[in-house]
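Q: My questions all concern the structure below.
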Amino acid sequence: MENKIATPSATKKILREHNLSLKKSLGQNFLVDSNIIDIITSASAIDGDEFIIEIGPGIGSLTQAVLEKLTSGKLLAVEKDAAMVEVLKDIFAEEKKLTLLNQDALKINWKEIAAEYNSENRKIKLIANLPYYVTTPIIMGVLESEIELEQLVFMVQKEVGERICAGPETKKFGSLSVAVQYHMQPEIVHQVPSSVFIPQPDVDSVIVSLSPYAENIYQEEIVNKEFFFQIVKSIFQQRRKTLRNSLSKSAVINLDRDLVTKALEDEGIGLKKRGEKLSIFEMISISNRIYKMTK
Ligand code: SAM
């Protein structure tokens, strides 16, 4: 069905009719291209019966597309701007599948939200086109909440999307790549030019999809999660240094240089190797070994 919101003229009309001025502080750049919206909903593979969380619905261009795909499922849209929520109430007044929540997604307890609004235990999917400066903390907040997620599809600044998906031995591989990949498998689904937004942002975007692993071996292997992420942070805080130096001179954890040397030798890792060249499995293995040595 034709998207009645995602065109430049329809978006301008809605903004005018509701006397809305866009808030730069909330990153209000609206999608006005139905092809991009189709790509987001296709990547979400909506079967119709899910519990979908949309963060930052704005005036509802994605919201409309998701609602069209839902049959028995439900959509919970979380929007921080009360003025936008009023517009959404108006546009979707008849829509029984939609619940609107006027809240800051950064402050939400997702476990409580899932328990309250998804009591029927539908598969949970998340969809979002958010201001770029809050996308990473919001997505990490959802991942860390440990609600069981079937799929996440979100728009993000190109640079951030590339960092999320990066692998070892690349410049973009870093703490964010490991933090996301620890939970789910990321993939860049589509490159998005800034011309599909009103107003146009200064940067290009990508659509990122996160899917669950068939079996999350990372989570199974790690002996102590907190310690593992301290090791990861130490490695990438001083990514130009050798692994031995970045671990023994870390500002995050206090590790004895001899202990680090012994751990690396036992792992069969050259002392001059840089941490950024390690795979996530190698980081897990070193972290587990050092953790056990310090206990
Ligand atoms: N999804 C719409 C679209 O694609 O056209 C709007 C996207 S606009 C980039 C981001 C939306 O997120 C805005 O409506 C903004 O008010 C909302 N937003 C910003 N910060 C938020 C937060 N912390 N929690 C929930 N919504 C937020």
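The backbone N, Cα and C atoms fix where each Cβ goes, glycine too.
Keep in mind that what you see is a predicted model, and the values were worked out from it rather than measured.
Below are the features I grabbed from TrEMBL:
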type	residues	note
BINDING	Asn29, Leu31, Gly56, Glu79, Asp104, Asn129	S-adenosyl-L-methionine binding site
DOMAIN	36-214	domain 'Ribosomal RNA adenine methylase transferase N-terminal'
Q: May I ask you to report the DSSP-based helix, strand or coil state of Asn129 (S-adenosyl-L-methionine binding site)?
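A: The three-state answer is strand.
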Q: Taking every residue in the domain 'Ribosomal RNA adenine methylase transferase N-terminal' (36-214), what is their average pLDDT?
A: 96
Q: Please work out the number of neighbouring Cβ atoms within 10 Å of the Cβ of Asn29 (S-adenosyl-L-methionine binding site), leaving out its own Cβ.
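A: Result for Asn29 (S-adenosyl-L-methionine binding site): 22 neighbouring Cβ atoms inside 10 Å.
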Q: Taking DSSP as the reference, which of helix, strand or coil describes Gly56 (S-adenosyl-L-methionine binding site)?
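A: Going by the DSSP assignment, Gly56 (S-adenosyl-L-methionine binding site) belongs to neither helix nor strand, so it counts as coil.
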